[in-house]
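**Q** One structure follows; several queries about it will come next.
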């Protein structure tokens, strides 16, 4: 029996590296020999939160080399291809899912084939970000997909722009022809301006929202909030123009501050076309859109139109990931995405 090493949830807050069977390849899936994985805030929240499921494998972001391709995969992938993709980390319904493993089985159409110019470490940062940007900006906000650009003069606020998802959002927004306003800590201003942000504001400034509203002449109508908690609702509500607009969040917002804004909360897992919860059944529409967006993103990566997020590469492989999750949980990681090489 073929096996793999994986980071498996034991109970809420507890994980262990286990040697487990390599699952039978499903028709829409590929098997990837993992070369690197990246950590996201959602990973530690899944582990320490109420939805931690014993037996599930953590991790969403990975890169590696294709070993097998299921017969129903539409993406043009063959064994030996270098890829990066998105997995359902902590899946409560199918414990074959999850990215923190020596081998991953993942939806074959939610992948990008990589050129040799991008390292596995850099590519491992892409999975959650590409999936989320596609859902938030192009499905929820209704922006035209590149190379098409928005016809009317328009701007967008990317709140939390220095996150791995935020840096991608800034770049896609520029490719779509938007003027991009962003919030971040001051030490990340230069990075965001290099990626295309027109102006960046300190989210800790009590006047942040008012300043954005002034600079945008009260016309801001699009917001993508990558944080969706803390001070973010108050800031974007103050920044948005009098006519309201559209707002996309990654978490549900309680006590929503404005009634003239269309609010959409997205969840990346729905892009996989599988059951997420009893309230979120498999969504084929989200899957088909995400497959299309990943194909587009592969093209943009090949043309070097998209740059990856800064990484902090750590040694130790799968065994060292629990410490990284602790560091993320305790706020010890800033400005980089933690990446682990997998032997």
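For all residues, glycine too, the Cβ spot is worked out from N, Cα and C.
Given the structure is predicted, the values throughout are model-derived calculations rather than measurements.
Feature list, courtesy of Swiss-Prot:
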BINDING   42-45, 162-165, 185-188, 203, 333-334  NADP(+) binding site
BINDING   128, 129, 130, 131, 132, 133, 134, 135, 268, 269, 270, 271, 272  substrate binding site
**Q** Round to the nearest Å and give the CA-to-CA distance linking residue 44 (NADP(+) binding site) with residue 272 (substrate binding site).
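**A** Between the Cα atoms of residue 44 (NADP(+) binding site) and residue 272 (substrate binding site), the distance comes to 21 Å.
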**Q** Consider each pair of residues in 128, 129, 130, 131, 132, 133, 134, 135, 268, 269, 270, 271, 272, all listed by the record as binding substrate, and report the largest Cα separation in Å as a whole number.
**A** 14
**Q** For residue 334 (NADP(+) binding site) and residue 128 (substrate binding site), determine the Cα separation and express it in whole Å.
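**A** One finds 18 Å between the Cα atoms of these residues.
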**Q** Spatially, which candidate from the binding-site residues 42, 164, 185, 203 is nearest to residue 272 (substrate binding site), comparing Cα atoms?
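**A** Of the binding-site residues 42, 164, 185, 203, 42 has its Cα closest to that of residue 272 (substrate binding site).
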**Q** So, three-state DSSP: helix, strand or coil for residue 270 (substrate binding site)?
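**A** Note: residue 270 (substrate binding site) is helical by DSSP.
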**Q** If you count, for each of the binding-site residues 162, 185, the other Cβ atoms lying within 10 Å of its Cβ, which residue has the minimum?
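**A** Among the binding-site residues 162, 185, the sparsest Cβ neighbourhood within 10 Å belongs to 185.
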**Q** Let me know how many other Cβ atoms fall within 10 Å of the Cβ of residue 128 (substrate binding site).
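**A** 26, counting other Cβ atoms within 10 Å of residue 128 (substrate binding site).
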**Q** List the Cα distance (Å, whole number) between residue 185 (NADP(+) binding site) and residue 128 (substrate binding site).
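**A** Just about 22 Å between their Cα atoms.
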**Q** Below 8 Å Cβ to Cβ and six or more residues apart, same chain only. Which residues does that give for residue 268 (substrate binding site)?
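**A** Once residues fewer than 6 apart are set aside, residue 268 (substrate binding site) is near 60, 86, 128, 131, 132, 135.
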**Q** Out of 130, 134, 270, the binding-site residues in the record, which is closest to residue 164 (NADP(+) binding site) when you go by Cα distance?
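**A** Its closest listed neighbour, by Cα, is 130.
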**Q** Under 8 Å between C-beta atoms and at least six apart in sequence, can you list the same-chain neighbours of residue 42 (NADP(+) binding site), or say none if there are none?
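**A** Within the chain, residue 42 (NADP(+) binding site) has Cβ neighbours under 8 Å at 60, 89, 128.
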**Q** What count of other C-beta atoms do you get within 10 angstroms of the C-beta of residue 134 (substrate binding site), across all chains shown?
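**A** Taking every protein chain into account, the count is 26.
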**Q** Helix, strand or coil: which one is residue 162 (NADP(+) binding site) in, per DSSP?
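**A** Coil, per DSSP.
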**Q** When you average the Cβ positions of 128, 129, 130, 131, 132, 133, 134, 135, 268, 269, 270, 271, 272 for the substrate site, which other residues in that chain have a Cβ within 8 Å of that mean position?
**A** 86, 127, 266, 290
